[in-house]
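Colleague: According to TrEMBL, the protein carries these features:
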- 21-41: transmembrane segment (TRANSMEM)
- 47-69: transmembrane segment (TRANSMEM)
- 76-93: transmembrane segment (TRANSMEM)
- 127-147: transmembrane segment (TRANSMEM)
- 153-172: transmembrane segment (TRANSMEM)
- 193-211: transmembrane segment (TRANSMEM)
- 217-237: transmembrane segment (TRANSMEM)
Amino acid sequence: MQRLRPHPPRPPKEVTSKAGRNVPAAVATAGVLLGLVGLSLAYKIEIFIALAIVFLVAGLWEIAGAFLARDIRIPFIPVAIGGVGMMVATWIGGLTPGFLVFLISALIVILWRTYMPAPNAMRDAMAGLFALAWIGIFSMFAIALAALDNGPLAIVAFVLLPVASDTGGWLAGITFGKHPIAPSISPKKSWEGFIGSTIGALLAAGLTVWFALGMPWYAAVVIGLITPIFATAGDFAESLLKRDLGVKDMGSVFPGHGGVLDRVDSLLFCAPMLYAVLTYGFGLS
């Protein structure tokens with residue numbers, strides 16, 4: 001049973017290349033992941049929902065293990081059940097039922113940990129609520145996007161926008177990067193890379209928001225300009241968390257990318273932004 005419990009992530013292998021990662025492995029991993037998402041959307045949207053739930057549970061498992069590096073024990077079982085319940089409730093009834101399940105789950109997480117004979121129980125419970133709020137609530141907005149009338153196309157935009165932003169930023173950063181944005185948080189993130197992120201996001205927005213979803217061109221411009229801000233914020237937020245916990249990567253399940261959370265940090269932050277802009281800003285339903 002010990003093997004089935006979360007554990008601190010293993011230190012990653014040292015990479016000395018300018019790219020900062022194993023590029024062939026990273027490209028292959030990204031191709032497989034994008035292929036899985038594409039196949040799920042092409043066949044049936046419910047398969048994507050199931051895939052998203054798998055990623056949610058894996059992400060919660062990773063963050064529970066990362067917190068163990070500081071001897072903080074997240075109550076994984078109620079957190080995972082609550083996260084799955086939030087996504088299912090959002091898919092069935094929308095964001096309001098999803099938030100209701102979050103509130104119920106938060107109460108259960110607190111009671112679960114505080115009524116167990118363990119030191120620092122409230123600290124552990126608060127860490128569990130943090131994981132549930134960050135990963136669970138942000139994931140709810142991805143499910144809400146999938147539930148729209150143009151759900152599959154909205155998910156294509158949701159995936160490709162941050163991916164294009166990250167890719168453009170990475171390429172521009174390793175080629176031209178000289179001026180770090182926040183060297184104390186993420187030394188490899190540069191202003192030159194941010195410009196590349198913006199170009200990549202604008203191209204992806206033109207393809208997905210304007211062409212595929214058929215929204216006005218200015219909607220694509222707005223989303224293309226906002227996406228790099230949220231994607232970079234997601235990367236910085238996870239970098240700060242990893243630094244506080246003393247871990248390099250959240251996991252090692254994806255060659256060249258680290259863990260699940262290392263791969264979806266920017267997507268998580270972009271999900272509520274994209275849902276709000278598409279629905280409340282430009283009337284997508």
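Keep in mind that glycine also has a Cβ here, set from the backbone N, Cα and C atoms.
Whatever TrEMBL says is automated annotation, not expert-curated.
How buried are the listed features, and what sits near them?
Modeller: Residues 5-6, 49, 52-53, 56-57, 60-61, 64, 99-102, 104-106, 108-109, 112, 128, 131-132, 135-137, 139-140, 143-144, 146-147 of the same chain lie 6 or more positions beyond the ends of the transmembrane segment (76-93) yet place their CB under 8 Å from a CB of it.
Remote same-chain partners of the transmembrane segment (153-172), defined as residues 6 or more beyond its termini with a Cβ less than 8 Å from a stretch Cβ, comprise 19, 30, 34, 37, 41, 45, 48, 142, 145-146, 189-190, 192-201, 203-205, 207-209, 212-213, 223-224, 227-228, 231-232, 234-235, 266-267, 270-271, 274, 278, 284.
Sequence-distant contacts of the transmembrane segment (193-211), counting only residues of its own chain at least 6 positions beyond either end whose CB sits under 8 Å from a CB of the stretch, comprise 153, 156-157, 160-173, 176-177, 181, 217, 219-221, 223-225, 227-228, 231-232, 278.
Residues 157, 161-162, 165-166, 169, 181-182, 185-186, 189, 194, 197-198, 201-206, 209-210, 265-270, 273-274, 277-278, 281-282 of the same chain lie 6 or more positions beyond the ends of the transmembrane segment (217-237) yet place their CB under 8 Å from a CB of it.
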